[in-house]
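Undergrad: Annotations for this protein, taken from TrEMBL, read as follows:
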type	residues	note
SITE	B:Lys481	site 'Determinant of potassium independence'
TRANSMEM	B:6-26	transmembrane segment
TRANSMEM	B:54-72	transmembrane segment
TRANSMEM	B:78-99	transmembrane segment
TRANSMEM	B:120-147	transmembrane segment
TRANSMEM	B:159-177	transmembrane segment
TRANSMEM	B:260-282	transmembrane segment
TRANSMEM	B:294-313	transmembrane segment
TRANSMEM	B:392-417	transmembrane segment
TRANSMEM	B:423-443	transmembrane segment
TRANSMEM	B:486-504	transmembrane segment
TRANSMEM	B:524-542	transmembrane segment
TRANSMEM	B:616-639	transmembrane segment
There are 2 protein chains.
Amino acid sequence: MTTVYLAIVCGLIAVLYGFATSRQVLAASPGNERMQDIASAIQEGARAYLRRQYTTIAIVGVIVAVVLWVTLGTLSTVGFAIGAILSGVAGFVGMNISVRANVRTAEAARGSLQGGLTMAFRSGAVTGMLVAGLGLLAIAGFFWYLTGPAGRLPNDREIVEALTALAFGASLISIFARLGGGIFTKAADVGADLVGKVEAGIPEDDPRNPAVIADNVGDNVGDCAGMAADLFETYVVTLGVTMVSIALLIQADAAELMRLMSLPLIVGGVCIITSIIGTYMVRLGASGSIMGALYKGFWTSAILSVPAIWFATQYTLGDMHKVIGGAGFLDEGADTATATAGFTGLDLFWCMLIGLAVTGLIVWITEYYTGTAYRPVKSIAKASETGHGTNVIQGLAISLEATALPTLVIVVAVVAAYKLAGIIGIAFSATSMLALAGMVVALDAYGPVTDNAGGIAEMAGLDDEVRHKTDALDAVGNTTKAVTKGYAIGSAGLAALVLFGAYTTDLETYFPDLTVDFSLSNPYVIVGLLLGALLPYLFGAFGMTAVGRAAGAVVEEVRGQFRDNPGIMAGTSRPDYARTVDLVTRAAIREMIVPSLLPVLSPIALYFIVRAVDGQAAGFAALGAMLLGVIVSGLFVALSMTSGGGAWDNAKKYIEDGNHGGKGSEAHKAAVTGDTVGDPYKDTAGPAVNPMIKITNIVALLLLAALAANGG
Amino acid sequence: MTTVYLAIVCGLIAVLYGFATSRQVLAASPGNERMQDIASAIQEGARAYLRRQYTTIAIVGVIVAVVLWVTLGTLSTVGFAIGAILSGVAGFVGMNISVRANVRTAEAARGSLQGGLTMAFRSGAVTGMLVAGLGLLAIAGFFWYLTGPAGRLPNDREIVEALTALAFGASLISIFARLGGGIFTKAADVGADLVGKVEAGIPEDDPRNPAVIADNVGDNVGDCAGMAADLFETYVVTLGVTMVSIALLIQADAAELMRLMSLPLIVGGVCIITSIIGTYMVRLGASGSIMGALYKGFWTSAILSVPAIWFATQYTLGDMHKVIGGAGFLDEGADTATATAGFTGLDLFWCMLIGLAVTGLIVWITEYYTGTAYRPVKSIAKASETGHGTNVIQGLAISLEATALPTLVIVVAVVAAYKLAGIIGIAFSATSMLALAGMVVALDAYGPVTDNAGGIAEMAGLDDEVRHKTDALDAVGNTTKAVTKGYAIGSAGLAALVLFGAYTTDLETYFPDLTVDFSLSNPYVIVGLLLGALLPYLFGAFGMTAVGRAAGAVVEEVRGQFRDNPGIMAGTSRPDYARTVDLVTRAAIREMIVPSLLPVLSPIALYFIVRAVDGQAAGFAALGAMLLGVIVSGLFVALSMTSGGGAWDNAKKYIEDGNHGGKGSEAHKAAVTGDTVGDPYKDTAGPAVNPMIKITNIVALLLLAALAANGG
């Protein structure tokens, strides 16, 4: 139990760090009155959107909570509520600091590039540490309560179900937040660009554009709050499923189980400390490279995590060479020709190193595919010379190609971790990946702050000098945003087998008399794989269409304002920013509902339909296969969309830096088209695939429990 | 054996029909001298390309044949050679009639729309009947030889291997032809458009554009010869794998096996007859609808096929109610909770009706997604109003969405056929789908002829009236082209489980002592699924990049000709068409090699690497899972690319018909971008996924045989 207390302390330190750092941020000057005016418009818009989003989610959440309470009881409902509420808190607080740091970053950038970088990164670090800290507190605190005051054994079914329900709460909020925020941000962005840059011929972030505030609000509710909810979910699900798998698969006494189940918590804890240390290393070097400064922070955290994880493992398990589990520790559901006979603490340490290595490699691969210094982005920029069509063709080619290396990395990691310690080994690899979440989210949440800072600088009429600095800060944001998404979906690839293992083990526990055939020669397995694979496509279609439709509504609205009030274009009267924000808000909320329910309802529908056709065993086989189908296809859809979108965006930036004719050239126009196409790819449909995969899996686990509790 | 003879007779009738119809086509007037000049330039170019393509493929083919001869012996090598050569013949002859029918269609369209339609459709029907007839002759003739003069039993291992090798020959040629032809046609098309329409501002098919002949050559070598090779492959593989599955799975005496194995052949045979009857029904009705005329032919064939298949089944099996196989007829590899206990001739008849229904539904769904009368195409056209970006976003959304209904149809068909007659039932559903190949190919091969006819009319300066007629004929070509691709990939979806069944059964036969775990909880199964799923993405990336690169080379070349010879634009001197054709030829051949070898070498590499890491059982598990991974992901990649591409193309046509501002409007420019993006999607990368899936599967089967023959 001491280990769990230590983990809780680390979680509290993260929250404390967040609190202290946000005070530092707020203490800085918020700039002149005009800047504060603009910033407060953005703040109002973001708050109004989130209030509406969370109200809508709350309705869904209450319905789901009632269903859970009726089918699975109080503990699971409490777990669900904790996951849901803390996910909302992480997003809300992150957004709140972000909408205050933006104007302070613009002000600081009037001083120096380092000043702007520090301000924006600190704000990102607040969000990052809150995501990791609240995630760890949720899961460690709940586990402490269950095994302590509530007096349950660590592998009690109720603990398994309650932890799963906690993960479900986080996931459900996250898919709404990711998708709703994603639709908002891209509808506003695409709509503002179309009607502003293309039709009216005014620059980006021109204050005469009524959609300009909505665009800046979008950065905060999509790229900050939505992303934070997504990573909170990934963190909670990964640690949670690791603990659940240990409870399900390892046959050992309660003390040993307790030690093993608290290991993911303390690993998460120590890596919060290394992440905090890393945040202090983010400084511009002699080269002045911004990416280099961010990398210094990331690599410091990653490298310090190696000894930290070593000591945490040794402290928790004691003897690193003692064999855990032993022969037959794996449940029958997982008995493969290659199952290992048991594992040691050392094996788990190696598995966690694999997770860190995967994180590092995904960062590196993502930078290759989305950075302006390498072949992929340059090839898209080059293809822009021959027009819009060839830009998009090359971008699509790159997006398809960008799936290859991450897949190979994941495949090698799966095999290596499995050979070391079976499914538990894979689970620990995923855990150590997510342990760095604080740092990764910090890098990501920094992006929207600098993006906003640029917008505020433009609208407030600050020196071009300031805008140049914020632009430079923003450019690396495209890569760090793509990194986070690749990282989240990569960890989902690792977690897939673990989630499936939990499903098969649960199935055997709940339905011991039922033989379910998960062999590829069972046609219901093929049916499940195909329908699972369909989900990311259908989901992507919904997301893309929603952005297109909402952006169209923005165009109409802005055209209307220009028509009704000619003073706007003349610069004599102020456009009605709030009306546009409200319009996008309503559109985003409306469009997010159906696609978000798709992964919640599909597994349930599939099970009941197949059961009606061919009995329970067929239903469970199809459902299990759907879980893998959704990851097999979702991994590729998500990787291709997020990398491709990042590459398109940076190809435009590369041209704007003066290549292939620079700003205003024909190549630039083509690159703007590519960027527009990439927007919903990388910020709406692509990133929402990650929570979608998790939801499908968790709903299946809860369905099993609910069926068992209610007699099949 | 009488049934086999009858099937051979039907195959000969198809070839005879092709011969007679091509004489009719050639007897028509080839137009004036200018038209003949242009046509002969296209003929020369197409011949030159195919000569080079087949020479290159021959080198690869000879190497593969030697490998087969060393590892599997003479019979398999002969089978391979038959499949390879006849696939080449089908493509070559189809292309030859197509390059002669184009000019005659233009000439006939000077008379009447019906005249043009008849001429173009007859030419397509020649290709269609040759594909089905030669396919049937290849497989029925080889089977006759093996079971007759060569004296083998129908389920002899050598027959299984020889039929598999025949399918491999067809597939290997087909992937090169599909990809090489696809790169050629789209590089020429995109290149010609970019430098002609966009840069020089001259209309499509303007004779001053040096790439215009290459563009027209491309229609023939890609959409005609490449498509014919692809469908020949699909035909041979589907019928072949159905026969192989019967030999592997059914335990019965030689006479009963012989009857059952000849059933796919005679079903193919009678449907050739119904397809021929259908070709005579293609006539414009009172409404003048061209699509309606084509549908009359298709539905006539489809409806007549129902009684024809009934009588063929009854004739072959005798008693329609006698139970075949009986308890335990399915091999252990396929023992699932839902395996049926045996099946009757009536069950097989129902399965074949399912196949016909799938074909009809896919035709209907494809028309919905690519026809100008429905929401999807209209939504893309509407999105074009707000620019290039929104056009592409909506097109991508439609392409993702278009995968849903076909997947549901396939899933329902798999379950229904499996419940009727197990894996054999699914195989017969696929067989009856392919039995209509003659008609489907006829509809498709009609497209490039009308496309060329339009080009010739333009270049020869015929009346605008003629061009309008050929344009109307061409417009439905986009839908029929998309139909064929959806149909081919849909049948691949059905065949996937059959091919996997053959793999598992082969595995048990060749390696009886080895236990291979195909359960989804085996990590090597996940590894195989993920790497299999990667193949279509990587393959798509190669295809898209190849088109982009080759189109870029065309642009440079044409710019060079305009610069060196200003007389071209002035219309005083003729551009050097042949040089451009030669350039595209070299580019296409160069670019097709590596991606075509990807599906050949990947399964082999995966097996040996995994075997080295974790032994033979792990290797076979990963390899088997790769076969399903490639279909699970390939189905979606192919469906989305082919439907999306067709929808983009027709959205452009819809705007050109005067909607959203019509030709020359901003919406039209955006739609041209979408069309350009859709080109390599629908004509290069997308359709080549189908042979790629088959190749991966067949290579795995041959690898098993080769490993067994050479002591593992």
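Glycine is treated like the rest: Cβ placed from N, Cα and C.
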Undergrad: Sequence gap of 6 or more, Cβ distance under 8 Å: name the residues on the same chain that satisfy this around B:Lys481 (site 'Determinant of potassium independence'), in order along the sequence.
TA: B:Asp223, B:Met227, B:Asp444, B:Gly447, B:Gly646, B:Lys682, B:Asp683
Undergrad: Cβ under 8 Å to the transmembrane segment (B:159-177), counting only same-chain residues 6 or more beyond its ends: which ones?
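TA: Counting only partners 6 or more residues beyond its ends, the transmembrane segment (B:159-177) has Cβ contacts under 8 Å with 53, 56-57, 60-61, 64, 68, 72, 75-88, 91, 135, 138-139, 142-143, 146-147, 152-153, 225-226, 229-230, 232-233, 236-237, 240-241, 243-244, 247-248, 506, 592, 596, 599-600, 688, 691-692, 694-695, 698-699, 701-702, 705.
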Undergrad: By Cβ distance under 8 Å, which residues at least 6 away from the ends of the transmembrane segment (B:423-443) in the same chain are close to it?
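TA: The answer is 14, 121, 124-125, 127-129, 131-133, 135, 227-228, 231, 234-235, 238-239, 241-242, 245-246, 249-250, 263-264, 267-268, 270-272, 275-276, 278-279, 294, 297-298, 301-302, 305, 309, 325, 330, 334, 340, 343, 347-348, 351-356, 358-359, 413-414, 417, 480, 483-484, 487, 490-491, 494-495, 497-498, 501.
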Undergrad: For B:Lys481 (site 'Determinant of potassium independence'), what is the secondary structure state per DSSP, taken as helix, strand or coil?
TA: helix
Undergrad: Does the transmembrane segment (B:260-282) reach the transmembrane segment (B:486-504), going by 3 or more CB pairs under 8 Å (6 or more apart in sequence)?
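TA: Touching, no - the transmembrane segment (B:260-282) and the transmembrane segment (B:486-504) miss the threshold of 3 or more Cβ pairs under 8 Å.
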Undergrad: Which of B:6-26, B:78-99, B:120-147, B:294-313, B:616-639 shares the most C-beta pairs under 8 angstroms with the transmembrane segment (B:524-542)?
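TA: Per the Cβ count, the answer is B:616-639.
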Undergrad: Given the transmembrane segment (B:120-147), which of the listed stretches B:6-26, B:78-99, B:294-313, B:616-639 has the most Cβ pairs that are under 8 Å apart from it?
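TA: The stretch with the most close Cβ contacts to the transmembrane segment (B:120-147) is B:6-26.
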Undergrad: Mind checking which residues of the chain, 6+ beyond the ends of the transmembrane segment (B:6-26), have their Cβ under 8 Å from one of its Cβ atoms?
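TA: Residues 93, 97, 100-101, 104, 119, 122-123, 125-127, 129-130, 132-134, 136-137, 140-141, 144, 262, 265-266, 268-270, 272-273, 276, 438 contact the transmembrane segment (B:6-26) from elsewhere in the chain.
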